[in-house]
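Inspection log for the structure reproduced underneath, given as structure tokens.
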Amino acid sequence: MSKLSQPASTAGVNGISVIHTQAHASGLQQVPQLVPAGPGGGGKAVPPSKQSKKSSPMDRNSDEYRQRRERNNMAVKKSRLKSKQKAQDTLQRVNQLKEENERLEAKIKLLTKELSVLKDLFLEHAHNLADNVQPISTETTVANSDNTGQ
């Protein structure tokens, strides 16, 4: 097993010291800690990533600045085109669904009418059958069964 080395302290910006430690042999990585440098240091601890961005303001006339602006402008254009295309696709889908909905509603009306016609035909046929059948009295049925049994 290896031992942890002693923490090394480096003076930072705004009176903040950064304490660096080395990880032991298990491969764990430790993150640098931000600690105020002294009792009168004042201010809040700022992560190193934020410090580096604010420490060097970019010259607006530099090539790097112009390249960044150009890349940013292209990214903005691309994002806006993508957003516009998505809105158009959504609108097209809405219109397709509206048309499909209208077709389905028309089909429902047609099938409802067809069902009504078929019900009417069925009921009419059932009434015609009932009118054509003569009621059989129980006396006639008993007499017929006696005659057939001889």
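A Cβ is built for glycine as well, from the same backbone N, Cα and C atoms used for every other residue.
The following features are taken from Swiss-Prot:
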| type | residues | note |
| --- | --- | --- |
| CROSSLNK | Lys3 | SUMO2 cross-link |
| REGION | 27-94 | region 'Disordered' |
| COMPBIAS | 28-37 | compositional bias 'Low complexity' |
| COMPBIAS | 56-72 | compositional bias 'Basic and acidic residues' |
| DOMAIN | 62-125 | domain 'bZIP' |
| REGION | 66-93 | region 'Basic motif' |
| REGION | 97-118 | region 'Leucine-zipper' |
Checklist entry - Can you tell me how the residues of the domain 'bZIP' (62-125) break down into helix, strand and coil by DSSP? => result 63 helix, 0 strand, 1 coil
Checklist entry - If you average pLDDT over the region 'Basic motif' (66-93), what do you get? => result 98
